[in-house]
Amino acid sequence: MSAVTAAGYQAPQERSQSVTLPARPEPITLKPSETAVVVVDMQNAYSTEGGYVDLAGFDIAGAKGTIANIKKTLDAARAAGVQVIYFQNGWDKDYVEAGGPGSPNYHKSNALKTMRQRPELQGQLLAKGTWDYAIVDELQPQPGDILVPKTRYSGFFNTNMDSVLRARGIRNLVFVGIATNVCVESSLRDAFHLEYFGVMLEDATHHLGPDFIQQATVYNVEKFFGWVATVNDFCATVSQAAPTEA
């Protein structure tokens with residue numbers, strides 16, 4: 001059986017500083033200083049009972065396990081010197097940023113539709129400064145983490161995300177969060193089009209909709225847009241690069 005060549009870009013003189021992550025469809029080589037974990041929309045809205053997703057009728061039963069796996073991922077990433085970046089989705093309290101009837105977002109956002117169906121919720125869902133908009137308690141950003149607010153599914157649309165990454169020489173993005181098939185996939189696709197190497201940790205994401213939706217995104221990422229790995233493999237791999245005390 002022939003050896004499998006790892007994907008990913010590394011200059012020859014930098015290979016000794018890199019680690020190789022087991023992934024599908026092939027392993028990928030990552031340099032921790034050129035890698036970021038991107039935490040997508042881990043807000044009360046998407047993962048907590050009483051949040052927008054719950055109120056809109058989606059099943060959030062799997063969110064608790066997703067939170068635990070993301071926490072494990074972030075602990076390992078920070079210990080290895082990997083940058084952590086949070087996306088936080090939402091709009092101003094008057095929903096000007098959400099767009100009016102002339103915007104597709106007005107018609108497709110389930111948060112906006114839920115508030116139109118239930119006027120008593122107006123101003124409570126995904127509005128900046130509300131409980132719904134806040135990052136969940138278990139995954140609060142730590143010193144050194146970066147927070148990128150966004151107003152649409154992709155974290156690259158009308159944000160400074162690309163500039164944040166290029167200023168730090170980051171080429172590899174490891175995606176975790178909710179929802180696999182919406183904001184995670186949208187952001188990973190845009191990362192691909194901007195020449196970033198995208199990895200999705202399949203057991204640190206959660207979908208909205210039937211279970212086959214999760215597998216559809218896994219297939220899309222693995223076959224067309226990036227690489228798919230697991231939390232345990234990521235943690236074991238980056239621990240090889242964790243700084244040691246003198």
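Numbers here mean position along the shown chain, with the first residue as 1.
From the backbone N, Cα and C atoms, a Cβ is placed for every residue, glycine too.
The region 'Disordered' annotation in Swiss-Prot covers 1-27.
Taking a C-beta cut-off of under 8 angstroms and a sequence separation of 6 or more, ASP41 (active site, proton acceptor) has the following same-chain neighbours: PHE87, GLN88, ASN89, GLY177, ILE178, ALA179, CYS183. If you look up Swiss-Prot, you'll see ASP41 marked as active site, proton acceptor.
Just so you know, the Cβ of LYS150 (active site) picks up 22 other Cβ atoms within 10 Å once every protein chain is counted. In the three-state DSSP reading, LYS150 (active site) counts as strand. Summarising the annotation, Swiss-Prot assigns active site to LYS150.
Here Swiss-Prot flags CYS183 as active site, nucleophile, drawing on sequence analysis.
CYS183 (active site, nucleophile) falls within a helix when secondary structure is assigned with DSSP. Secondary structure at ASP41 (active site, proton acceptor), taken from DSSP and collapsed to helix, strand or coil, is coil. Cβ neighbours within 10 Å of CYS183 (active site, nucleophile), excluding its own Cβ and spanning all shown chains: 23.
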